[in-house]
Amino acid sequence: MDSKWSRRTGSLLLLLVSNLLLCKSTASLPICPSGAVNCQVSLRDLFDRAVILSHHIHKLSSEMFNEFDKRYTQGRGFITKAINSCHTSSLSTPEDKEQAQQIHHEDLLNMVLRVLPSWNDPLYHLVTEVRGMQEAPDAILSKAIEIEEQNRRLLEGMEKIVGQVHPGIKENEIYSVWSGLPSLQMADEDARLFAFYNLLHCLRRDSHKIDNYLKLLKCRIIYDSNC
């Protein structure tokens with residue numbers, strides 16, 4: 001009986017590891033191979049990749065926030081100051097699935113294309129400033145680097161999706177400008193740590209929104225809301 005249990009446990013662990021590796025490898029795949037000419041990817045495949053990417057980004061951002069919170073901010077009461085102080089708060093976006101379901105899919109796509117580029121600068125500077133932190137855990141830095149890369153890939157994929165769903169639509173140039181770099185470089189430790197905490201809190205919030213929006217959009221556009 002012990003040998004059967006061991007074989008069964010080993011098989012389950014192997015299956016779990018295989019699924020995790022598949023998810024990570026899919027998330028790291030480019031939309032088109034490097035140097036490809038006239039690359040065509042089906043709308044279903046584009047949405048599949050976008051949903052995997054957005055879920056992966058949200059998972060990483062949640063883990064990074066939790067690691068930073070545990071290491072740097074215990075007992076500082078930052079959560080009470082972080083509410084509604086995100087640089088993307090100026091963008092009108094639904095707060096939950098119920099609100100998102102009331103919005104036309106074209107408007108929801110435009111919202112995604114406003115939020116994603118709003119994170120290009122913050123993520124770039126987040127990586128730079130985390131590198132300069134004393135004793136910054138490798139886990140936090142590696143996640144910041146990966147999120148920055150995957151956010152660019154997701155934006156690229158979303159532009160291709162919009163190109164197929166609404167051909168000829170003008171490129172969306174409306175996004176929220178981030179001006180928080182000086183806060184990440186402040187000499188006062190509490191103020192600087194709060195700036196990092198708030199940025200990671202907002203990243204977790206926005207990545208969760210994007211993840212929900214894309215799952216809803218995939219359900220509507222690919223499965224005609226039958227999911």
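From the backbone N, Cα and C atoms, a Cβ is placed for every residue, glycine too.
Each of CYS23, CYS32, CYS202 is a candidate, yet Swiss-Prot gives the disulfide link of CYS86 to CYS202. Of all the recorded positions in the record (SER54, SER62, CYS86, SER118, CYS202), the one with the smallest CA separation from CYS219 (disulfide bond) is SER54. Between the CA atoms of CYS86 (disulfide bond) and SER118 (phosphoserine) there is a gap of 11 Å. On the backbone, the CA of SER54 (phosphoserine) and the CA of SER62 (phosphoserine) stand 12 Å apart. A gap of 12 Å separates the Cα atoms of CYS202 (disulfide bond) and SER118 (phosphoserine). The Cβ of SER118 (phosphoserine) has 21 neighbouring Cβ atoms from other residues within 10 Å, across all protein chains displayed.
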